[in-house]
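Novice: Just lifted these from Swiss-Prot, have a look:
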BINDING   C240, C242, H264, C267  Zn(2+) 1 binding site
BINDING   C253, C258, C282, C285  Zn(2+) 2 binding site
COILED    20-86  coiled coil
COMPBIAS  140-158  compositional bias 'Polar residues'
COMPBIAS  174-188  compositional bias 'Low complexity'
REGION    140-206  region 'Disordered'
SITE      Y239  site 'Histone H3K4me3 binding'
SITE      M250  site 'Histone H3K4me3 binding'
SITE      D254  site 'Histone H3K4me3 binding'
SITE      W262  site 'Histone H3K4me3 binding'
ZN_FING   237-288  zinc finger
Amino acid sequence: MDTSTVLEKYTQDLSNLPLEVRHLLEEIKSKDVQVSEARKRYQTRDHQLHKFIRTNGTLTKHPKEDQLYSKIEEDMKLVQKLQKEKILLANTALFLISKHLYHFETDIAKLERDELLPPLEHPIELTEVSKDEYAKSLNGFSDSASATPTPRNGSSATPVAETVKKIQKKKLSVKGASSSSAQSSSASRQVKRLRSEEIEDPLPYEGGSLAFNGNVAMSINSAADANGPNGEDADNNLYCFCQRVSFGEMIGCDNEDCKYEWFHWSCVGITSPPKDDEIWYCPDCASKMEKRKKKRKN
């Protein structure tokens with residue numbers, strides 16, 4: 001590895017980052033608009049009830065009180081949901097940038113060790129306080145990502161975001177599970193039921209735990225340290241419709257020809273693991289199979 005190779009590598013790796021971050025920020029802005037509209041709706045209904053009480057007293061019930069309260073509660077729940085989605089998007093952007101920054105700093109350090117690049121006279125170091133603040137920002141996100149996914153190899157595509165996590169080499173190797181169709185189907189259903197606590201615990205992070213979903217604590221440092229200085233063995237594959245790295249809990253599609261193979265629970269609306277004998281297809285494969293059935297009937 002030399003300086004020109006590193007430069008070329010990161011020029012390519014970072015070429016799509018601005019578009020990814022811009023997409024995430026646009027999504028956050030869109031959800032902000034939805035939050036504002038929902039707030040206006042429930043505040044208007046609340047004012048309507050208060051106006052009626054001021055006019056008629058507290059003993060007289062508004063003729064549409066139950067309907068209004070139901071609508072207010074519905075909008076408040078929507079606002080909570082949208083706020084959690086905004087946190088997810090913001091942390092996805094944070095992770096994307098942090099991932100590239102960490103690998104870049106790792107390669108720079110290697111070039112300096114090999115005396116291919118002179119070190120900075122006054123290197124900028126991340127203080128322990130900064131590390132703790134960064135860790136807390138991700139720890140605070142754990143509530144909004146409580147239903148997350150266990151990885152498997154998938155085809156790479158342009159990453160576009162919806163959720164986020166750290167790079168970590170998994171205890172389970174799913175490559176061998178797809179050696180034959182019979183073994184693959186069985187292994188797929190077994191892996192789908194694996195929970196986050198069944199994944200190998202990573203090494204601790206110096207500046208604070210980057211806890212995610214309460215059970216899986218991951219950090220960029222620990223993932224790279226466990227897999228070599230350059231993180232060469234780290235799982236950098238992209239999975240799911242959102243085309244992000246594996247994190248948390250994931251579910252595998254039982255269609256052997258599935259394009260994505262593995263999906264984050266939050267991306268496909270899964271909140272609990274499937275039963276032992278349950279077969280699960282992703283929305284894409286399920287739609288294709290339904291079309292095939294209709295064609296056969298015709």
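In case you wondered, yes, glycine gets a Cβ from its N, Cα and C as well.
Since this is a predicted model, take the numbers as computed values, not measurements.
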Novice: I'd like to confirm something. Which of the binding-site residues, C253, C258, H264, C267, C282, has a Cα closest to the Cα of Y239 (site 'Histone H3K4me3 binding')?
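Specialist: If we rank C253, C258, H264, C267, C282 by Cα distance to Y239 (site 'Histone H3K4me3 binding'), first place goes to H264.
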Novice: Taking only the residues in the coiled coil (20-86), give me the average pLDDT of this model.
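Specialist: A mean pLDDT of 92 is what the predicted model shows over the coiled coil (20-86).
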Novice: Which one is it, among the binding-site residues C240, C258, H264, C267, C285, that lies nearest to M250 (site 'Histone H3K4me3 binding') by Cα separation?
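Specialist: Considering only the listed binding-site residues, the nearest one is H264.
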Novice: Can you tell me how far the Cα of C267 (Zn(2+) 1 binding site) sits from the Cα of D254 (site 'Histone H3K4me3 binding'), in Å?
Specialist: 17
Novice: For C240 (Zn(2+) 1 binding site), which of these recorded positions sit within 10 Å, Cα to Cα: D254, W262, C285?
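Specialist: Candidates kept after distance check: W262.
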Novice: For the C-alpha pair, I'd like the distance in angstrom between D254 (site 'Histone H3K4me3 binding') and C282 (Zn(2+) 2 binding site), rounded off.
Specialist: 8
Novice: Summarise the zinc finger (237-288) by DSSP state, stating how many residues are helix, strand and coil.
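Specialist: Secondary-structure breakdown of the zinc finger (237-288): 10 helix, 8 strand, 34 coil.
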Novice: Sort the recorded positions C253, W262, C282 by C-alpha distance from C242 (Zn(2+) 1 binding site) and give me just the closest.
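Specialist: Going through C253, W262, C282 one by one, the closest to C242 (Zn(2+) 1 binding site) is W262.
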Novice: Note the Cβ centroid of C253, C258, C282, C285, the recorded Zn(2+) 2 site, then list each other residue of that chain whose Cβ lies within 8 Å of it, in sequence.
Specialist: D254, N255, K259, Y260, E261, F263, Y281, D284, A286
